């Protein structure tokens, strides 16, 4: 009786082909991550142009809520259809959304464009991580996925710098036009250089109808509607076959990683969006100057992201970096929430450095967690689940924070009782234009009203308590080394 031959090891591309594909994915991930925060320093100018201060939360929430809604769907799509063509389709969707944002004639059009871009972005980042699992051996994946995650974090914190430069030197619309040429370069490289080896798949012999039903269209539709309802409920405060298999989400490492990602992302995007508004509204800084004021956070994030990426690749464990992230993020966010119009330069620089250290240490860790506990076939869903939690945290924290801020500003402007100035007119004027309609004698008092901008960060307070679950996250991950 013949002994069956052992399975052949998977074929991987040559080093130079792998390198050029990685370069293309780095560009795409950089653009997607840049879109997370690039308008943070442009928002005051956008609100001035569209008279839409109350829409600030929508500009981020529209982007992240559609990422949440489509993240899990793309996780399933990548397991059923060709990762290459799924990646290209998501990239096209992101580019279309960016174009709509760039030519938007109104605040509503900008929100719609952000929603379309968010849907595409969900597939681009998850797809980059999935493609790495197809093109590199297991022992190398933490390094390449860590670099992808580091690129995501670096671009997210560099976004305010780029957005401030475009807003002051050209126009805020270039925050979105910039994605178009880079997307074209990425698409061309992926089309001609990415060739994935065929792998066994339970969906290979299924009919198109069976594949479609495997996507759980009813579950996705209900989930999308629920996300929209959640968003509407939060905005109302202004005065107005399972997608995730149970066997995956119930794993200790996965649900704890999602919990960690939810709170850390919520804290990060809350401050990355509202600190530039603080500098422009309270200190009268330009968009470019407010982005320069964010450099301490950028540098701290970049340095610690690189260090933690190398550390995880060397040690094979992520829990020490997650614990350190919780400590630095909690201290830094607490200090940032104390800023007023009289906070000295040295203080806000130091506060941002502490917060940036925490983000750099922890932001890239959750997508690495599935590598330790899931099979190759389940990795796309596991990675997408952690990214879903990250995006959900960002959208909920910023939307709720904006609601709290808007209500606080309305109340304080009403209490101020500036002669001849309607409080609603101050809110409608925009984050910086309110200065032009306030009498000089009352300007200092009106600026002081803007001091609670950072207090929308009160939502960060649950973070230290909630992240005690990082212990479970770490212990689960430590049972199986990444390298």
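Glycine residues also receive a Cβ, built from the backbone N, Cα and C atoms like all the rest.
Quick look at what TrEMBL lists:
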{"type": "TRANSMEM", "residues": "16-39", "note": "transmembrane segment"}
{"type": "DOMAIN", "residues": "21-483", "note": "domain 'Major facilitator superfamily (MFS) profile'"}
{"type": "TRANSMEM", "residues": "59-78", "note": "transmembrane segment"}
{"type": "TRANSMEM", "residues": "85-105", "note": "transmembrane segment"}
{"type": "TRANSMEM", "residues": "111-132", "note": "transmembrane segment"}
{"type": "TRANSMEM", "residues": "144-166", "note": "transmembrane segment"}
{"type": "TRANSMEM", "residues": "178-197", "note": "transmembrane segment"}
{"type": "TRANSMEM", "residues": "218-239", "note": "transmembrane segment"}
{"type": "TRANSMEM", "residues": "254-279", "note": "transmembrane segment"}
{"type": "TRANSMEM", "residues": "291-311", "note": "transmembrane segment"}
{"type": "TRANSMEM", "residues": "317-336", "note": "transmembrane segment"}
Among 59-78, 85-105, 178-197, 291-311, 317-336, which stretch has the highest count of C-beta pairs below 8 Å with the transmembrane segment (144-166)?
-> 291-311
Within the same chain, the residues 6 or more beyond the ends of the transmembrane segment (111-132) and with Cβ under 8 Å of it are 21-22, 25, 28-29, 32-33, 35, 55, 58-60, 62-71, 73-75, 77-78, 83-84, 86-87, 89-102, 104, 141, 144-145, 148, 152, 176, 194, 196, 367, 379-380, 383-384, 387, 391
Interface check, the transmembrane segment (16-39) with the transmembrane segment (317-336), three or more C-beta pairs under 8 A = no
Sort out for me which stretch, of 85-105, 178-197, 291-311, 317-336, has the most Cβ pairs below 8 angstroms to the transmembrane segment (59-78).
-> 85-105
Mean of pLDDT values spanning the domain 'Major facilitator superfamily (MFS) profile' (21-483) = 77
